[in-house]
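S.K.: So Swiss-Prot lists these for the protein:
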DOMAIN    3-168  domain 'EngA-type G 1'
BINDING   9-16, 56-60, 120-123  GTP 1 binding site
DOMAIN    177-352  domain 'EngA-type G 2'
BINDING   183-190, 230-234, 295-298  GTP 2 binding site
DOMAIN    353-436  domain 'KH-like'
Amino acid sequence: MKPLIALVGRPNVGKSTLFNRILREKAAIVDPTPGVTRDRHIAEGHWQGREFRLMDTGGYAPEDGVISTAMLEQTMMAIQDADIIIFLADVRSGVSYDDLELAKILKRDFSDKPIFLAVNKAESPQLAIEAASFVSTGFTEPWAISARDGSGVADLLDEILLTFPESDGPPEEDGAIRLAVIGRPNVGKSSFVNALLGSNRQIVSSIPGTTRDAIDTRFTRKQQEFMLIDTAGLRKRTKISAGIEYYSSLRSERAIERCEVAIVMLDATPGIEKQDLKIINIAAERKRGVLLLVNKWDLVEKDSKTSKQYEESLRSHMGNLSYIPVIFTSALTKKNLYRAIDTAKEISQNRSRKISTSALNRFLEEALAANHPSTRTGKELKIKYMTQIEAPWPVFAFFCNNPELVQTNFRKFLENKLREKFSLEGVTISLRFMQK
């Protein structure tokens, strides 16, 4: 197992900047506004040939208020999970009460873990000297660094490396199914993840957009490992201000790129909106498996026909995406929670299904007998055979006399029949017609 390093400290001391410096990429949201990184974010990094996991956290800020209290809880959870702790402070602000309180907790409750006090923003020799004043926290070796320009960071990482186990062990086969939980803000994505895991992994509140960054969490069900990515939601472009919310939206789209199956969450109470359809389309265009999860179903007044009518209305709006399965759930009551995960697993299996050429050509023979293709020009379309092309999603090649003779309705007929015959529910199918 790769060692887990946690970055902890009060808000705005530069944790996200150091996180990005160590990983050499803009993996966490960085903004001068205190409290921007409000949850835990984990990514993999490496130094001097050794691999590790790095965790960025919300700031330690023991104040009243919904977000600040939740951030404190998340910081404590991060410290408990970590193998190594980087306690980050700000030399320009000096030693604060919050620094002393966090230092007291670290020394009292986590003395069994390697803890490194890094005093950030020491961009000049004078500031580096002033970092020595942080011995008052009880940590006798403060490291003067600048996450902004990188000074001192390499030396800090070299020292941290000495606490690593001698070997990372044999490489593990990662058979986890990657699921991205996406949707408009405040539809219940974090509540869904928390209900599923039975742990307050995400900060959850009624304030839209509480989960600003993408958080990866692993869990196992029926001996199958999953990686859940809970995102901040894809905002309407016109509602995204320059800065944090815009970047969060981009991160959500990146989460789609990383996943195999996108679980698109809808809020049952207002019904489907244009932004919901746009999110579904983004996932389908990226050739990901898609599952629609209609959340807050417990809030809808219903009878025996309500779910059927709702699904029919939903599919009428989806057009060509009606192949996507729909599940009604409630993160609050946990209705159909595990059914959703089991269905996502089936979709992942459908997406990676390999079908033999002989089975495909038997299918083609039956399909052509049922619906011989017609053309506008009067010329005959002759399809000789078909095969599956190697790809992360189902791609089928049809070899014919003239690809330009293939009409849209016949293409759609073949796609529907392929789904029906080979159980390809929830996945995008690509058909390619090639001349031969």
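Each Cβ is built from the backbone N, Cα and C atoms, and glycine gets one as well.
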S.K.: Taking the binding-site residues one at a time (Asn12, Thr57, Asn186), which has its Cβ surrounded by the most other Cβ atoms within 10 Å?
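M.R.: Of the binding-site residues Asn12, Thr57, Asn186, the highest Cβ count within 10 Å belongs to Thr57.
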S.K.: I need the CA-to-CA distance for Trp297 (GTP 2 binding site) versus Asn12 (GTP 1 binding site), whole Å please.
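M.R.: Their Cα atoms are separated by 39 Å.
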S.K.: Calculate the distance in Å between the alpha carbons (Cα) of Lys189 (GTP 2 binding site) and Lys15 (GTP 1 binding site), and round it to a whole number.
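M.R.: On Cα coordinates alone, these residues lie 25 Å apart.
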S.K.: If one measures from the C-alpha of Asn12 (GTP 1 binding site) to the C-alpha of Gly183 (GTP 2 binding site), what distance in angstrom results, rounded to a whole number?
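M.R.: So the alpha carbons of Asn12 (GTP 1 binding site) and Gly183 (GTP 2 binding site) sit roughly 29 Å from each other.
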S.K.: Round to a whole number and give the Cα-to-Cα distance in Å for the pair Gly9 (GTP 1 binding site) and Gly183 (GTP 2 binding site).
M.R.: 31
S.K.: Using DSSP and collapsing to three states, where does Asn12 (GTP 1 binding site) fall: helix, strand or coil?
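M.R.: Going by the DSSP assignment, Asn12 (GTP 1 binding site) belongs to neither helix nor strand, so it counts as coil.
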S.K.: Round to the nearest Å and give the CA-to-CA distance linking Asn186 (GTP 2 binding site) with Lys15 (GTP 1 binding site).
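M.R.: With distance taken Cα to Cα, Lys15 (GTP 1 binding site) is 26 Å from Asn186 (GTP 2 binding site).
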S.K.: Have a look at the binding-site residues Lys15, Thr57, Ala122 and say which one has the shortest Cα distance to Gly183 (GTP 2 binding site).
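M.R.: In terms of Cα distance, Gly183 (GTP 2 binding site) lies closest to Thr57.
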S.K.: At a 10 Å cut-off from the C-beta of Lys189 (GTP 2 binding site), count the other C-beta atoms across all protein chains.
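M.R.: By my count, 30.
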S.K.: For the binding-site residues listed here (Gly9, Lys15, Gly183, Trp297), tell me which residue's CB has the most neighbouring CB atoms inside 10 Å.
M.R.: Lys15
S.K.: Among all protein chains shown, how many Cβ atoms are found within 10 Å of the Cβ of Ala122 (GTP 1 binding site), not counting that one?
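M.R.: That number is 25.
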S.K.: Restricting to the domain 'EngA-type G 1' (3-168), what is the model's mean pLDDT?
M.R.: 82
